[in-house]
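Visitor: As listed in TrEMBL for this protein:
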DOMAIN    183-278  domain 'Ig-like'
DOMAIN    365-437  domain 'Ig-like'
DOMAIN    457-551  domain 'Ig-like'
DOMAIN    560-656  domain 'Fibronectin type-III'
DOMAIN    658-753  domain 'Fibronectin type-III'
DOMAIN    850-945  domain 'Fibronectin type-III'
DOMAIN    961-1049  domain 'Ig-like'
Amino acid sequence: MSFPFFTESGSTELSGLFVEKPPQSLVAVTGMDLIIIAKVDSTTLTRKPTMKWLKGKWLDLGSKAGKHMQFKETYDRNTKIYTYEMKIIKAVAGDSGGYRCEVTAKDKCDSCTFEIEIQAAQQEAQADIFSAFKRVKEEPPIDVWELLKSAHPSEYEKIAFDHGITDLRGMLKRLKKMKVVEPKHSEAFLKRLESCYSVEKGKKIVLRCEVMDPDVQVKWLKNGQEIKPSAKYVMEAVGNVRTLTLNRTTLADDAAYECVVGEDKCFTEVFVKEPPVTITKLMDDYHVVVGERVEFEIEVSEEGAHVMWSVLVVTAVDDSTNHRIKKDGKKHTLIIQEATLADIGMYHAWTNGGHTKGELEVEEKQLEVLQDIADLTVKATDQALFKCEVSDDKVTGKWFKDGVEVLPSERIKMTHIGRFHRLLIEDVKPEDAGDYTFVPDGYALSISAKLNFLDPPKIHLDTTGNMVSQNTIIVVAGNKLRLDVEITGEPAPTVVWSKGDKVISETEGRVRVEARKDLSCFVIEGAEREDEGNYTICVTNPAGEDKAMLFVKIVDVPDPPENVRCLSVGEDCATMMWDPPVFDGGAPLKGYLMERKKKGSSRWTKLNFDVYESNSYEAKRMIEGVMYEMRVFAINSIGMSQPSLTSKPFMPIAPTSEPIRLTVHDVTDSTCTLKWLAPEKIGAGGMDGYVIEYCKEGDTEWVVANQELCERQGYVVRGLPVGEKINFRVKAVNIAGQSPPAVLSQPVTIQYPKIRLPRELRTKYIRRVGEKINLTIPFQGKPRPVAIWYKDGEPIDPKMVNVRNSNVDSILFIREAERAHSGTYELVLQIENMEDRASIVLRIVDKPGPPMKLRVTDVWGFNAALEWAPPKDDGNCDITGYTIQKADMKTKEWFTVYDHNRRTNCTASDLVMGNEYMFRAFSENLCGLSEEACLSKNTAVIAKTGHKRSPYKEKEITCVPKFTQPLVDRSVVAGYSTAISCAVKGFPKPKIVWMKNKMIIGEDPKYLMRNYQGVLTLNIRKPGTFDGGKYSCMAVNELGKDEVECKVDVRSKSRGEERDDGGGGAFVI
C-alpha cells in the first residue's frame, strides 16, 4: 500500500531562481517515505547553483544524510533545470517542523519555507484510514520553548525525546539567545526589544524599543544585514522611542532582528504565521467504467491556496501521466483522463486548514474476441503480421512477446483501426521468434499466437585454439589436426568439405570427415606440407546455404641458409654474409646460429649462443694467415634447420695503414698534382696500389679520380672545377681492402686570375714632376698569368715607363715623372681564356704659371682695387689661391698684401698718401707658388690731402649669403674617410649649419667641419652604409640665407677592393 502525493505545479508562486518550490505544508503518518522536490532554472546563471536544505533556521540537513534522510541532484541539459530531492525514509514524529531550502549562485540567492507534520498511525482498524491524517485540535499545543525555558538543564534530553526533537543542540543555542538574562545596566537602552514577536502572514508588525539619548541614531539589522528604509521597512524616532514597522509580512520576514546603538545591541526574533485555508466545497464519490474520464473537484476559501492531493489505492499506483491537476481561482480539480482498474481507491485533498475525500470505483467492460491471432512461420527478412478483431472499436491494448511489452520501432509497427489490432514485424530476425500476446486495456483477457522462424543453415567457427586469425589455422608438420565445426539450421543442413575443387568425402584414412549431431569434424593425421591450402565447408537446407573458407597453414623447421660467403677480412676478423633460406618453414625466422672451423679440421666452433637476427656477421679472434671455413643454421619458432653448405675458405688479412706525407706539388686552372709516401705498415697482404678521391669543400660525396689503381706515389688529378676549394685524400689498397685515408690538412683552391689592387691606387694617384714612381700590383693565378699594361687604351711605351712582372705581382716604374706620364693605366691579367683588369689614374702635377692681366681698377682714399685673370697653366691641378704684393715706386721693396686669396680680385688698403704703388700676383697650387709673377699694367697714386678732394662715398659691401661653389655628389667605399666641400660669400660673416637628411649634425665626433676663408669642408670619418644620404650646407646672416645640397652614396666593399689576407686559410698556389 502506498500514499503518493499530487501537488499543484501552479500552487506555489514562482520567483527568483526557483522554477518549482516544495508545497508549503505536508502531512504524513509515521513510517511513510516523503519526497520533497525543488527545481532551479540555471539559464541565467554563470556557475552551478548550490542548494542547502535546512530545518528551522540554522540546522544544515546535509550533515544528517544517511539511511534516514537522503538527498539527490539531477540536471536536464535540454531545459538547463536542476532538480533537487530530499527524501525522508520512514518518517518519525521528530521530523515534524519548519524547513527551508536555500539556493545560491554567485551573487544571486533565493529561498522558500515549508512545514512537515508527522502524525502517529492508529493501532486499531478503522473504516477510514485517512482519519490518521487529521490534525489534532482537541488539546492546546504544547510550547516546547516554554518547557525548555523553565526546565533544568538535566531535563533537556528527556523533553527532546518526549517531543521528538532531533536538533536539540541547535534549539539550545537558540534558547540561549531567547532566555531573558538579567541585563546589566545599559547606558544606551531604557527598554529593550521583546524576546520574540509573532505575526500572521500579510499583516503589519511594529518592533519597539526606548533609548537613553533622544538624539542618538540607531541601526536596524536583519540576520546581521543592515536594513535600509523603504515602503516595506519604516523606521521612526519619536523622543526616546525607536520603532521598526514591517508592512505586509511574508515568510521571508521570519528572521532575527537587532537594534544597534554604538557598541550596544538588543535582539528579537519575528515569527510569521500563515492563516489556515478551509475547504468550502467537498469532494464527491465517482462510479465509472474503464476508460471514462473522472474529475474530483473542490473549492477553497482563498485563491492561490496550496492544495495537496493524495490517494489510497487497492492496487499499485500506475505512475503515468493519467492524472492531471487543474487550478481555476478557488476551484481545484484532480482529473483522471481514462480510468482504469488501477485507479480504484480513496482520493484525498488537504489544505493547512481542512481535508476532504472521495471514493472512485471502476468496473471492467465485457469484451468479445471476433477474430483470434493465427500462428506464423516465416523466413529471415520476411514480414510477419499478427491481426485480431474485438467487439469494441474503442478498446486499446498492448502487445507482449514472451511476457515483455513490445515497443514500436522502425521495424516493428502497431496499428489500431476500428475493431482491428495489428502487429507488423518487418525484416524478421531469429530473435523475433516466440509467443506474442495482445492484452486489451481494462479487461482480464489476452489473445496469443506463436511466431516460428525458419532458420537457414549457419556455420559457427570457433576462433580460439589454433586460429591465429579469423580463418587461418596453423599446424606443425607431423601433428594431428582435428577441427570441430558447430552447424545450426532448421531443418538439419547437409555438410560438404572440399579443398579447391576436390570434394573430401572419405570417412576413413589420413584426411577424413566425421559427422556428429550438430557438429562436422575435419581430421588430418600427420600433417604434411602438401596439406597446406584453402578448405571450404558448405552447409545447405531448404532455407538457404552458408559457406566458410579456412586456410590451413603447415609450419616446419626452415631450410638451411644459402650462399654463405666472405665479404671482407681484417687482421684477426672476417665479415661473412649469407642469403635467407628459400622456405622459412611457414613461420617467421627468429635468427641464425654460426659455426667455423680451420680448413682440414673436423671440429666446428660455435660463434654465437644467442639467436643472431641479421644475415651478416663479423667473426673475430681469428689467426692471420690461417684458412677458415664457415656454416650457418636458420632458426624459427618450430626449431633449427640443417646446416648450410660450407663457405669457400678465406684467410684473415689486415689492410695497410694510411699513406703518409700527402702534399700538393702543383696546381693549374683545372689540375692538381699530389705526392705522398708509402704506408708505414703494409703487412702480409702486400700493396696493390692507391685510390685517389676528391670532393668540394662542404660536400660529403667523394669522387674517385683514378679508375684503375695507381701504383706510383704521385698522381695528377684532372678536370677540377675552377674557383672551387677541393679536398683530397689517398687510400692504400691490398687484398684485405682499403686502408684509412690520408687527407690534406687544407683544401686546395683552383683559382681564376685575380688582381689585388692596393687601396691607395683605387683613387687618383697624384705625384709631382721629377718624383720617382714605383707601383707594385699583387695578383693571384695558376699557372703564371700574363700581365699586360695599357695607357689610355694603348700599349705603354717602354721608353717612358718600365714594367717588371713576376709570379705574384707586376711593378710599374718611372724613374723621373713628367707631365706627359699623366693618364689612365690599365693592367690586364690573363690565364688562357680567363682575364682580370684593374685601372689606375695617374696625375703628374707642377707649379702653375703666373696670373694674367693684373690691373688697378679703382683708387679711393688710401685704397686700391685690383683684378686679374687665372693663369693659362694651372700645373695640372686646381689653383688653391693667389699671393698679392705691393711696392712703392720709390723704394721698389715688395710687401705681401694677401696670402692664399681664392678670388681673382682684392682691395689693397692702408696705402701711404702721396706714394705711387705698383702690384704683382703669384698663382698657387698643390706644388706651391708660380715661378714668375704678373705685374700690374698700371699703378695706383695716392693723392695728398692738401688738395681738395671730392667727398668720399663709402662703398656698400654688405651682401646676402651666396654659395659660389656648390656641393658635388660623391660615391665612396664604406670604411674609407671622405670629405665634401663648397665655397660661400656674404657679409656680415654668415653662420654655417651642416645637415644630414634635413637634420642638424651638431657636435658628432664622426664629423669634422672646417671654414677657411669661405671654403667650407665636412670630413666624414670611416663612413658606413648608414652614413649615406642627402647632405646640405646652409649659410645664414641677418640679410638672408642660402643652401646647397648633395647626395653621398656609401657602397660596401667589393671583392676587388678587399685586401688579400691569405685566402681564409685555404691552400693557394
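Glycine residues also receive a Cβ, built from the backbone N, Cα and C atoms like all the rest.
Keep in mind that what you see is a predicted model, and the values were worked out from it rather than measured.
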Visitor: Could you put numbers on the helix, strand and coil content of the domain 'Fibronectin type-III' (560-656), residue by residue per DSSP?
Guide: 0 helix, 42 strand, 55 coil
Visitor: Roughly where does the domain 'Fibronectin type-III' (850-945) sit in mean pLDDT, to the nearest integer?
Guide: 90
Visitor: Could you give me three numbers for the domain 'Fibronectin type-III' (658-753), the DSSP helix, strand and coil residue counts?
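Guide: Summed over the domain 'Fibronectin type-III' (658-753), the classes give 0 helix, 45 strand, 51 coil.
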Visitor: Tally of helix, strand and coil residues over the domain 'Ig-like' (457-551) according to DSSP?
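Guide: Split into helix, strand and coil, the domain 'Ig-like' (457-551) gives 3 helix, 57 strand, 35 coil.
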